[in-house]
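For A:125-146, A:175-197, A:288-311, A:317-337, A:374-394, A:414-431, A:494-516, A:522-538, A:550-576, A:582-602, the entry in TrEMBL reads transmembrane segment. Marked as domain 'CBS' by TrEMBL: A:746-808.
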Number of protein chains: 2
Amino acid sequence: MLCVPNSSPLANRLGFEVPVTSSDEVTEKMEKEENINHGDDVLDIENEGSFDGNGEEIGRYWSQFSERNMTYEEPLLVKRINTTSQIAIVGSNLCPIESLDYEIFDSETFNQDWRSRKKVQIFQYVLLKWVFALLIGLGTGLVGLFNNVAVENIAGFKLLLTTNLMSKHRYFEAFLVYAGLNMSLAAAAAALCAFIAPSAAGSGIPEVKAYLNGIDAHSILAPSTLFVKIVGSIFGVSAGFVVGKEGPMVHTGACIASILGQGGSRKYGLSWSWLRYFKNDRDRRDMITCGAAAGVAAAFRSPVGGVLFALEEAASWWRSALLWRSFFTTAVVAIVLRGGIQFCSTGKCGLFGEGGLILYDVSSAKVTYNGGDILAVIVLATIAGILGSIYNFLVDKVVRSYSIINEKGPFFKIGLAITVSLLTSCCYYFLPWIANCLPCPTEGALTCPSIDESGEYKIFQCPPGYYNDLASLFLNTNDDAIRNLFSPKINKEFHISSLFIFFAAVYFLGIITYGIAVPSGLFIPVILAGAAYGRVISRLFEPITKLDRGLFSLLGAASFLGGTMRMTVSICVILLELTNDLLLLPLVMLALLISKSVADIFNKGVYDQILKIKGLPYLEAHAEPYMRNIATRDVVSGPLMSFSGIETVGNILHVLNTTGHNGFPVIDEPPFTDSRELCGLVLRSYLLVLLKAKNFTRERVFANASILENISVLDFGKAGSGKGVKLEDLDIKEEDLDMYVDLHPITNTSPYTVVETMSLAKAAIIFRQQGLRHMCVVPKSQERPPIVGILTRHDFMPEHVLGLYPDIKHRKWH
Amino acid sequence: MLCVPNSSPLANRLGFEVPVTSSDEVTEKMEKEENINHGDDVLDIENEGSFDGNGEEIGRYWSQFSERNMTYEEPLLVKRINTTSQIAIVGSNLCPIESLDYEIFDSETFNQDWRSRKKVQIFQYVLLKWVFALLIGLGTGLVGLFNNVAVENIAGFKLLLTTNLMSKHRYFEAFLVYAGLNMSLAAAAAALCAFIAPSAAGSGIPEVKAYLNGIDAHSILAPSTLFVKIVGSIFGVSAGFVVGKEGPMVHTGACIASILGQGGSRKYGLSWSWLRYFKNDRDRRDMITCGAAAGVAAAFRSPVGGVLFALEEAASWWRSALLWRSFFTTAVVAIVLRGGIQFCSTGKCGLFGEGGLILYDVSSAKVTYNGGDILAVIVLATIAGILGSIYNFLVDKVVRSYSIINEKGPFFKIGLAITVSLLTSCCYYFLPWIANCLPCPTEGALTCPSIDESGEYKIFQCPPGYYNDLASLFLNTNDDAIRNLFSPKINKEFHISSLFIFFAAVYFLGIITYGIAVPSGLFIPVILAGAAYGRVISRLFEPITKLDRGLFSLLGAASFLGGTMRMTVSICVILLELTNDLLLLPLVMLALLISKSVADIFNKGVYDQILKIKGLPYLEAHAEPYMRNIATRDVVSGPLMSFSGIETVGNILHVLNTTGHNGFPVIDEPPFTDSRELCGLVLRSYLLVLLKAKNFTRERVFANASILENISVLDFGKAGSGKGVKLEDLDIKEEDLDMYVDLHPITNTSPYTVVETMSLAKAAIIFRQQGLRHMCVVPKSQERPPIVGILTRHDFMPEHVLGLYPDIKHRKWH
């Protein structure tokens, strides 16, 4: 009975007298707070066997192990070494993986522990969580407001210059100004991305999704990324790219949450000591979920939609407490935005008008529908589903091609961005010349033609009294273009050919723009293309439907979103909150459901595709079907590195030096126990902290209280990026190598285990649902060592399993 | 290597040649589809040891076991026998518990299996799921429509009679008619509940919640319950009780889903063979989740709110596929309701007007607010939180008292309902006499005074040109009263004393009404009380706030809902959909968050309380803090009943006869293996099916193909209520008792396991998240039997753990 469970009374009875905190509390703390070593450039993904941290052959070390009396187990089955790494894909990142060992570091534990030592009441900890939620909401709301004001001013200024020159008929100069400004802004955005924070490029939603799945990609939530994401997004959107600020807002919200959770960043002198209590994966994950929700709420002014987005798309783990904390965060965002708009309505925000924060008014559209209308919606959604899956397919190809260019260096990145910008400017400026000038409508309060930087009826090259319908779409900000398309007031003012040209241009520009080194959201391109598509379809179905064109535009946007992003409830709610009309709900739902179902036949959602391109080892919610036919022992890789309960310093150092493993099983042996038995799991980071403290003993005996003498429980807390104890920091002398150290105080005695005959699919589900990093495989019979191996995220990846068993046909069912 | 994992090739190599389907498919099927034995009146809850199925002492059988060479293990720790059963509480039910062994019966398995045998394409199975969702939506929508039309007509007729008599100044006669009709309706509702389906009483939401947690309480989703729920709810609401039809609608939706999922009910001749493919817990659970969502959608015309309700309150397990299937269901409901209302708007539904399906129009209220308004909302929500928790406390007391009366017999139930009805009638009829007659407002299009069955300005006893404000609230249907309170048009027409009297009356009547044997929802009483309370507060805060009174009423309702039900996002969205104004969102969120936080300090949500009163062993999402200090081996109860891989028929029969266990570990022993090893888990229902087939062998040998000869895989499917093979159905002859039967083909070789030192809290989380019924505890060392015990739901109940270790202080942190 050496290895006691998390039961303090028992532990004390057995002599585990630890001064400040009992051993089990430390252990619980440990398991939760895994060190990630952000700063390391080693491949930190768990792979117990085929491949070690330094990329050298594992075989070389085997002989060393036997010399040093190291315990290791033979792999159970002799099988092919897996040569296909899931990392060997374009654009792969080095991703330390986080663990979310859920219950063990439950806030209650933390509270009790904290309270007993720090005399801080529980409600202060709870209050702190709410304060964080408030801060995340405030921060994201303010950034969202700033972003909108900046974009409206920069883009407005650019458009004003262009239209001014055009009104003087200096068309070529106007183009030069327009394209020049666009290219400068594009170059600035790309330069920021290329030189300061390469991980700020793209949407950011896949990265946030990966983080919430447990993959902490390099510097994805760093302060530099936050800065580039905000500024780069403003430049990128102002540059007239077919990109949105919505995806970047989600990433921004997540960054704000992460930086708050880390207690600021020491590197930039932004550090608050009282914010450092959340140094564990679970609280940080919760905060980043709230941040993602706040981002959507700020982007769309959609508080409920934000929460649902976090639930449906972003989060891999969810608990009910999170539902209402994220809800609170998004409510704060909504209030901040509301306050900001009230402030700006007095005209203090420059060119920022009503247009900045999209809120489309379709409420004047009459919503009654019959069979013909529903038929039209079904056709609309079906085609949108097909177009959406083609969109995903093309985005996939384009991103893969671009990443080859982007990898050549920062200047290639900037060059690519400028090229795309020039192409976009040409399309936007020259395509409206195709359109005919239309006479202004006689009734209606809208100014026509408008020569302003925005407006529904742009004069462009037309004579007074006429307007260019295509210019009204192209030479506006994306938000204004969407508003024009959604508006029920403009019913017949777009010619079908103009709409089709606009649709085609936006569809393909959207595809070729994503993948350049600029923060670029996908929502707005898809909504734009969908809205134009909806109006085209409404024209085609004129004989059978009397539905409002603006409404069709909305339905087109909904079905395009369904076809690319494959979300349902959150898109539906976001669109409802954008348009403020609940009576549209059944039609929007119908369109979304059909387009998603149709698109799902062909490929995956766009974010899942990008995750795959980036090589992030994302754990799917469902295990692959063939995993049901494989037992855990058949995939677990060897050799297993395990420690004895009381181990020599030399052995520990050697193993830490020669492997990249992050978790090691601890096995108690006679004479301390009757037979060899599994004590638990110890983490690399805790071993490092323990070794650094240098409380070693000459004899192989149990540790006394002194072992944790100069270690505080907070030392085991999750360190910020690259802040944890590193192997190089240790200063172990030659004579220490043969001394002993008792690992029991830092061993987690409640590791998650599965029996070796457990099906891999079931193990994968537990692994994901519990948010684990290590899972121990135990034998089913008595005459075997107490542990068979350790499963990590790597072992569940289809690439790994298919590498081991290439005969298994990878069949897929939707 | 006797006991192979779910790996068909291996199984085949070892001679597991099963003709139609391979052994692992059977096994997977098995684990999923646990038989529940609804019809049995035995206590079917798992309790391995202290207490057996027939209530006799386990000790008597121990001696018999040793005679029959039965394998059993000694309990690990000698400890107090747990004498506190969580069932020994007022109103307890006999609850078979369902399992949701998630991945094992993944739809893919089923598909492959099904397809290979039935040549049915996968998309048909998927299509079937959607057809079910459609049917559930259609059914629930139509029932919701019918319910509303019936209530409006019955209650309208009653009120019309009363007001007619009153207009002739025959006040006493009017009261007699009013109270008499109320009492008759109440008696009818109570009689239905008492004699036909006692489980239809109450809200039904706790029962649905319990079912989705894995507790299949007796006949809670039976066709008789459905019938009584619909008719009883109509009578109950028409009887003028302070009850809603919303909770019962949720239960109705769940019942419809369950009956559809079972393929109809053979008992009532409603059976469709093609609907029988969903005979497993997972698909049925999914459908009932959709049904609950559809119920809320039908009750409130709130499709998104319905989905969120199912997610936030009802479901214990959630997966993303469910999100959009339930969304589709609620969309269907919304379309059905819309169609129904369009149909009824032509006047074909009798007295059913706009009023039936609540959709409150508050959109004319101007929503701008300042600091004073927010302060008022904070105070409003804080007091509402306190009042909400008092409400819950009193409901708890009242329900416990009533259950003593109700247990005495059906006539006591009816008597209690009539008493409460009389009390309600007296309050409703006589309280308005206290109010003064107010002069009709001069402007405004509303008829004043109204002598109709509904209307904002009831004349009651007043002279022409005057109206009674209190009667406008009391002598209306609950829906109309809420509409009057929410309406922004009626701004000053309610006197504060009238509002206070109405609030007090509804608050206390709501409390004393819940618990009578009538289908009774809690939403409407709480919304009514909250709306009146909101108007009272708005009067008190007149000096500092200029917010609209109707808006205050809405905020009052929101904060009362938050204070009693403790939901946040779903209530918020339901209220938004009810009122169709998204601009109210930030204030509603604020009110909800504050009232929930305040109320959470004092007690639990009302549905959780009712779950506890009913004695349903609900597994909470979070384990109790003290469970972290207990290892699984410390709670697992003995003696463990296990079978050998090839077991004698006599032993199996004996164990099935003498225990109530539903799962038994199967252990392989020499000479078939090198040492004793855990093969897996076998279920009682599969043993019964196997024994019924009577394919026994004289020798102790592995089974050949013949063992599954006259058994179809569908026999292992989940049987409907009381339809499975029972012990009494078996016809085993004396000479068969010494014959052998091979259990391997029906053993699930992938049972969920934990090591004995695992903390109970972590095991509880896995148990709940995976939806398990049995969890095997394996030893951590080598020299022990391969299984230590089996954990069931019972072992995680706080009552059980605290019974074993009464010294653990049950400390609670919120």
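Backbone N, Cα and C atoms are what each Cβ position is placed from, and that goes for glycine too.
The transmembrane segment (A:317-337) shares more Cβ pairs under 8 Å with A:125-146 than with any other stretch in the list A:125-146, A:374-394, A:494-516, A:550-576, A:582-602. Stretch with the largest number of CB pairs closer than 8 A to the transmembrane segment (A:288-311), among A:125-146, A:175-197, A:374-394, A:494-516: A:125-146.
Long-range Cβ contacts of the transmembrane segment (A:414-431) within its own chain (Cβ-Cβ under 8 Å, at least 6 residues beyond either end) map to 174-175, 178-179, 182-183, 185-187, 189-191, 194, 239-242, 402, 405-406, 470, 474-475, 501-502, 505, 509, 512-513, 516-518.
Sequence-distant contacts of the transmembrane segment (A:374-394) (same chain, six or more residues past either end, CB-CB distance under 8 Å): 507, 510-511, 526, 529-530, 533-534, 537-538, 541, 544-545, 547, 552, 555-556, 559-560, 562-564, 587, 590-599, 601-606, 609. The helix, strand and coil residue counts that DSSP assigns across the domain 'CBS' (A:746-808) are 22 helix, 13 strand, 28 coil. The stretch in A:125-146, A:494-516, A:550-576 that contributes the largest number of Cβ pairs under 8 Å to the transmembrane segment (A:582-602) is A:550-576.
Here the transmembrane segment (A:494-516) has long-range neighbours at 190, 201-203, 241-243, 387, 391, 394-395, 398-399, 401-403, 406, 413, 416-417, 420, 423-424, 427-428, 431, 434-436, 438, 469-470, 472-474, 485, 522, 525-526, 528-529, 532-533, 535-536, 539-540, meaning same-chain residues at least 6 beyond its ends whose C-beta is under 8 angstroms from one of its own.
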